[in-house]
Structure formats: structure tokens, C-alpha cells
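Structure record follows, encoded as C-alpha cells.
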């Protein structure tokens, strides 16, 4: 296990973590140990995003590049150069695919074996600020500085829906089972249900929110421009507990599970990375397992777990790279908050459909918790298209 963190000082840190066995004693006394493993000086500007799969760590920066670090060999594996502007978000899906977003408004799908750009989409009129991939790999959500929340059909590599929102959101995140998602605007979190695609409630934090991570399908950890981390219930919208995590604002968080432990990791501007053991009852604050002092202003965080992920989470290796679409989806002028686009296609020539699951040349069966309502909506839209084709020209 290894903590990886980027900072304003242009460095990626790696710290090896050695878990101690749970002896059943006082959890407050249980500690893990850490050791500095590497520093990677690949970028020429501050780091803005990090993502991890079972082999690689990728970092995005204000220098407009994505650098790849091989965690097995502990060597630089090269750089990806496609974006014009800061890399704002990086997300792996399995071991075969990476999606990047940037201030140029692009979303890029990369083959994480050959490191080729399979598809590049002009996703937002402004910056792409955040990206989240549905657990099924069929959908993604993105938010940008054009005040929109966009849903992407990753099986066909096109836009599915655009929703106008009143302000610029800076975080969007799917829940672990993909039955809900959250959209963060300043200090407010709107909770959406997938089956209705509407807001079921709003959580309000005291300060502007900098990072969120789901601890379960209903419990969300929230950090902001303060020293405190809070756990909220997404159903009742109540704060379950809060604890002081750092001496300065928390910049990023990450949660994961290993045998006998459910862990949340926090990184702060105070230079510390801390690992906390979560209790089964989320109303009880977690206990500190380990802390690492970096003496740097941390910006982003990841955890490398040396284990194999689902190999089926991938595209076929024969997928061809596709050029950038220069056409924007048509948007009807409606009140902010309304869904204003359904199934408008991005004009992206592609010889093979670009999905993130299974055989992308065949339609996937509905074996994931995607809503019946959404499937009916897609079917209805397809019928409307067929009807249009049947209208005779006068």
C-alpha cells in the first residue's frame, strides 16, 4: 500500500504504508507505519490531479501535461500531451482506460496500455472542473464553468443529457452502487437520485467544500476550507459526526477498504497526510492510524493498492483514436435546472464505439442498477427519431 500526493511545489510524493495487524486492543493505540518511498519531479508547474490503478499513478498539472509513473518499477513511464490548459481531473476505469478533463473543455479517453488517445470530446464551453464515472462504466458525469451538468454515454462516446444549473459546480460524484450522485456548488451539496434524475435533498456545509468521498451508499465524507471533516447521511441530510483532521484546510480525501479496515485518508495544506480507521457506526469519529509530514502544500491525493482490479473493466484493444469534435450540442433555452438536452449526438467520427465495458461494438444488456425510467426515456427518444424519419417531405 502506498500513499501518493501532489503539491504546489511540482512534486509527487510516495509513502509506503505498513499496516499492523488488528490485535483487538484499544483502536486508539493501533498505529500503522510509513516510510518515504519516492519523489517524482516530472512537472514544471503545480500538480492539480492524481489517479491510480493497479500499476500506474498518473498526475495532471498546470503545465498542461499528464505524467505516468510506473509503481511496479518505480520509474517515469512518459507523458501524455493533448490538452491546452490545466489538467483538472483524472479518473481510471479499471486498468485499461483513463479519462482526463481540462481547462480547454475537453474530455479525453485514453488507452492505459498503449497510452493512445482513443477519443477527444469538446465537453464544456468553459473548463471541465470535475468528472465521475458510473460504476457500470456506461455513464459519466461532468461539470464545468458553463453552468452545466452533463451526462455522457460512454458506450457510444456521445452526450446523453445536459442539465443547466444556476451556478458553476466544482465537484460531481457517483455513489458506490451508482444509485445516486451528488453535485457540489460552493458549500452546498445537491443529492440526486438516478431513477428520477432530480434533487432529493441538499446538504449545507459551513465552509466552501474542497473534497467529498462516499463511505457507503448513503454516508458521505465532506471536507472544506477548514480543519474539520464531517460525515453526512445523504438520505436524512443530517450530520452524523465531525472531527478535527488537520491544522489547516483539507484539500483532498480518499477512502478504501482492506481486510479488517475501512480507511479514509486526508491531505491538507498543513503538509500532513493522515490515515483514519472508520468505525462501523459512522456517528463515531474515526481513530488516527498513521500520519505523514511532507513539508509541502498538498493539492491532490491517491492510494495505490498493490492488487488486481477487474480486467473486464476495459475497452477492446482495437479501438481506433478519434479526432476532436468541434460541434457543440444544441441547447434549448430553458430555465436553469431544467433538462434541456436529450440524446443530442456529438459529431465525433469513430470507427468503433468507445465504451468502458465489455465488447463496445455490441449493446450492453441492462445488468446494472440503471433506472427503468432512464431506459424508457432513451427508448422513447429513439421512437421519436424513427417517427421523424417517416414524415414525408412536402
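We count from 1, first residue shown onward.
Glycine is treated like the rest: Cβ placed from N, Cα and C.
Per TrEMBL, the features are:
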type	residues	note
COMPBIAS	332-353	compositional bias 'Basic and acidic residues'
COMPBIAS	384-394	compositional bias 'Basic residues'
REGION	312-394	region 'Disordered'
REPEAT	40-72	repeat 'WD'
REPEAT	80-120	repeat 'WD'
REPEAT	121-162	repeat 'WD'
REPEAT	259-286	repeat 'WD'
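Taking Cβ pairs closer than 8 Å, the repeat 'WD' (259-286) reaches residues 3, 5, 15, 17, 19, 22, 27, 30, 32, 213, 215-216, 219, 221, 223, 227, 229, 231, 240-243, 245-253, 292-298, 300-301, 303 in its own chain, all 6 or more past its ends. Secondary structure by DSSP for the repeat 'WD' (121-162): 0 helix, 25 strand, 17 coil.
Helix, strand and coil counts under DSSP for the repeat 'WD' (259-286) come to 0 helix, 14 strand, 14 coil. Counted with DSSP, the repeat 'WD' (40-72) comes out as 0 helix, 18 strand, 15 coil. Note: the repeat 'WD' (80-120) comprises 0 helix, 25 strand, 16 coil (DSSP; helix = H, G, I, strand = E, B).
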